[in-house]
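*Asks:* As listed in TrEMBL for this protein:
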- Ser34, Arg76, His77, Ser109, Ala110, Thr209: phosphate binding site (BINDING)
- Met208, Asp232, Tyr233, Asp234: substrate binding site (BINDING)
- 28-266: domain 'Nucleoside phosphorylase' (DOMAIN)
- Ser189: site 'Important for substrate specificity' (SITE)
- Ala244: site 'Important for substrate specificity' (SITE)
Amino acid sequence: MRLIKISGEGISSGEVSESELGVGKPYVAVIGGSGLYDPGIFEEPVEVQLHTPYGLPSDNVIIGRVKGEWVAFLPRHGRGHRYPPHKIPYRANIWALKALGARVILSISAVGSLRQDYAPGDFVVPDQFVDMTKNREYTFYDGPRVCHVQIGLEPFSNDLRRLIIESASKYNKTHDSGCYVCIEGPRFSTKAESRIWRDVYGCDIIGMTLVPEVNLARELGMCYALLAVITDYDIWVPHQPVTAELVEKTMGEKLDLAKRVMTEVIPRIPKDVHLKCQETLKNACV
Ligand SMILES: CSC[C@H]1O[C@H](OP(=O)(O)O)[C@H](O)[C@@H]1O
Ligand SMILES: Nc1ncnc2[nH]cnc12
């Protein structure tokens, strides 16, 4: 695959030009989670290595066409799963995708379930989250410009969620809402913690990577939605305890379906309308 290298200087204006890129600008980016390191759905793929003000992203971004549309793909843990959730360069990842032209992010993640009726193998398209992470780089606005983005009512883009739900439901059992609790990791929860996330916080699914990815995207005015693949029942009832191996195995079984959903959704994303989530920086800065 052809490799295009772009240095920090090339993006000082905030965005890579089409001529620097040498291919069409991707409007949609896909971030792949555990088990998804190479989507294999692209025509004419190129690899782009992009230096950002926050360092290198998790990996080179792959840009290629899906049904005629230019799309960017980034494996959040890097190929070979080299970055644990608390060490992922989230700011570099989101910044790079925006600089390459992306305005919309479709994310894929493995999650544990915190309720009986959300079973391993099912899909969930979450609509809320609770942040229990402890030590990450949460914002692009570290001062002197101080901004507080509004993310409360619609942390995930409902426009995108609708498209994903419509497509995913055709191929797999899909839950059209859910609250994702994001823990720091990299260890899994204790049974006592798992019961708190479920019974006290009222969360439905659990993972380690949503935060700060989702709020960084919002800070740059990008729309974000997640197709979550349930891989296990976490640890809140006595059962087969979650392991990384179990997560990757279940994810592997559902990967083709998840890719099919992405391939179907990408060309349906409207480009000429102003999506709601792109307005949230209004009145956010002090
Ligand atoms: C490999 S097991 C735990 C790992 O899987 C999930 O990652 P992702 O959201 O990127 O699919 C979870 O959040 C943990 O990082
Ligand atoms: N049970 C679980 N806890 C945290 N992250 C996960 N990713 C997949 N399953 C998980």
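A Cβ is built for glycine as well, from the same backbone N, Cα and C atoms used for every other residue.
TrEMBL entries are annotated by machine, without manual review.
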*Asks:* CA-CA, which of the recorded positions Ser109, Ala110, Ser189, Thr209, Ala244 lies nearest Asp234 (substrate binding site)?
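*Replies:* It is Ser189, whose Cα lies nearest.
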*Asks:* Relative to ligand 2, which of the binding-site residues Ser34, Asp232, Tyr233 have a Cβ found under 6 Å from one of its atoms?
*Replies:* Asp232
*Asks:* Measure the Cβ-based neighbour count of Arg76 (phosphate binding site), defined as the other Cβ atoms within 10 Å of its Cβ.
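*Replies:* A 10 Å sphere around the Cβ of Arg76 (phosphate binding site) contains 25 other Cβ atoms.
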*Asks:* For Asp232 (substrate binding site), which of the three DSSP-derived states applies: helix, strand, or coil?
*Replies:* strand
*Asks:* Looking at the recorded positions Ser189, Met208, Asp232, Tyr233, whose Cα is closest in space to that of Ser109 (phosphate binding site)?
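*Replies:* Considering only the listed recorded positions, the nearest one is Met208.
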*Asks:* Report the member of Asp232, Asp234 (the binding-site residues) whose C-beta atom has the most other C-beta atoms within 10 angstroms.
*Replies:* Asp234
*Asks:* Checking proximity to ligand 1 here: which binding-site residues out of Arg76, Thr209, Asp232, Asp234 have their Cβ closer than 6 Å to it?
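*Replies:* Cβ < 6 Å from ligand 1, in sequence order: Arg76, Thr209.
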*Asks:* Near Met208 (substrate binding site), which residues of its own chain have a C-beta under 8 A away, given they sit six or more steps off in sequence?
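*Replies:* In sequence order, Pro85, His86, Thr133, Cys182, Ile183, Glu184, Gly185, Pro186 meet the Cβ cut-off.
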*Asks:* Quick one: which residues besides Ser34, Arg76, His77, Ser109, Ala110, Thr209 have a Cβ within 8 Å of the phosphate site's Cβ centroid, in sequence order?
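*Replies:* Residues close to the phosphate site, other than Ser34, Arg76, His77, Ser109, Ala110, Thr209: Gly32, Gly33, Gly35, Leu36, Pro85, Ile108, Gly207, Met208.
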*Asks:* Per-residue pLDDT averaged over the domain 'Nucleoside phosphorylase' (28-266) comes to what?
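*Replies:* A mean pLDDT of 96 is what the predicted model shows over the domain 'Nucleoside phosphorylase' (28-266).
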*Asks:* Within 10 Å of each Cβ, count the other Cβ atoms and name the one among the recorded positions Ala110, Ala244 with the highest count.
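*Replies:* Comparing the recorded positions Ala110, Ala244, the most crowded Cβ belongs to Ala110.
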*Asks:* With every protein chain in view, how many other Cβ atoms are within 10 Å of the Cβ of Ser189 (site 'Important for substrate specificity')?
*Replies:* 23
*Asks:* Tell me which residues of the chain lie with their Cβ under 8 angstroms from that of His77 (phosphate binding site), as long as they are six or more apart in sequence?
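*Replies:* Long-range Cβ contacts: Gly33, Ser34, Tyr37, Ser58, Tyr83, Pro84, Pro85, Ile88.
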